[in-house]
Amino acid sequence: MLLLPLSVLLLLTQPWRSLGAEMKIYSQKTLANGCTLVVCRPPEGGLPGRDGQDGREGPQGEKGDPGSPGPAGRAGRPGPAGPIGPKGDNGSAGEPGPKGDTGPPGPPGMPGPAGREGPSGKQGSMGPPGTPGPKGDTGPKGGMGAPGMQGSPGPAGLKGERGAPGELGAPGSAGVAGPAGAIGPQGPSGARGPPGLKGDRGDPGERGAKGESGLADVNALKQRVTILEGQLQRLQNAFSRYKKAVLFPDGQAVGKKIFKTAGAVKSYSDAQQLCREAKGQLASPRSAAENEAVAQLVRAKNNDAFLSMNDISTEGKFTYPTGESLVYSNWASGEPNNNNAGQPENCVQIYREGKWNDVPCSEPLLVICEF
């Protein structure tokens, strides 16, 4: 009877892992020999005893070493797409790609601004007459032309309306003295004359009445001066209006100089003669202001003009007609060059923009006189 408790106690003192193995061994031994552990009676004809009660749970054993990692599991399915992250920095510039094919030509661009007006070309030879064009619109009224030949008297027309007063004309020449008029009324007393020579002392005369004050003569002189000043002012105003009328529309005034043109086109020598007959000379601009005044007349007539300067005496040395050297010049680029297919260029023309060029003196150009 004591062997059973001892067997149970022996089992409880064994580790759990070895317990299972021992139990398996004991089971096998029991099958081989039922009384190996428990001896009750001789094996012959004896019955096995009842199972004993389970023993108490033993103390927890020490934590074993970690096992070797198992094989990696299969990759799971991709999760849903996350929110779009912030824009990353630009990457470095890539290598330039190959040059593409030339594209088709683009549409024509807008017309550019008009360029500067070039210098006037040389006058070409007269071409053949063209076919008459259609009748144009009535143009503006032109300036007064030269007086024509007197025609035969026409029939008397209807009386026209009274015209507007004309501009003040130039002072006319003195006419023939008319017949003497009737004697007018006596005028005011004239100014006192100069004193005469001192005479001999005469006899004392009677005491006369008190004379008038000498201030009357002074006041009369002042009044006369005031009248003369008024007349002078009226003459100056009239001359100013006359000067404007003479200059309009083909004249320019700069300082004390007046530049005037009648629109004539002549050679250099004929142009000089025309200005001399008008008591002037060919235009001789001596400053930028005078040069611009001449250029304005050139633009108004749309024709280049002669200037008075030339190098007829000494090639390459341009002077005024008096022989004086130039004090101002405005040559175009590359001028003067004396280059006209062998024909000397000894005279000066002024372009519309005010630049100068040397030309043959025989070329017909606009005449502008200086007064």
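First residue shown is number 1, and so on along the chain.
In case you wondered, yes, glycine gets a Cβ from its N, Cα and C as well.
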Task: Cys361 - recorded disulfide partner, Swiss-Prot, among Cys275, Cys347 - done: Cys347
TODO: Could you identify, going by Swiss-Prot, the member of Cys40, Cys275 that forms a disulphide bond with Cys369?
DONE: Cys275
Task: Set of same-chain residues at least 6 away whose C-beta sits under 8 angstroms from Cys347 (disulfide bond) - done: Tyr268, Phe306, Leu307, Met309, Asn310, Asp358, Val359, Pro360, Cys361, Glu363
Open item on the list: Can you break down the compositional bias 'Basic and acidic residues' (51-65) into helix, strand and coil residue counts using DSSP?
Closed with: 0 helix, 0 strand, 15 coil
Open item on the list: Check the DSSP secondary structure of Cys369 (disulfide bond), expressed as helix, strand or coil.
Closed with: strand
- [ ] Select one residue from Cys275, Cys361, Cys369: among these disulfide-bonded residues, choose the one with the most other Cβ atoms within 10 Å of its Cβ.
- [x] Cys369
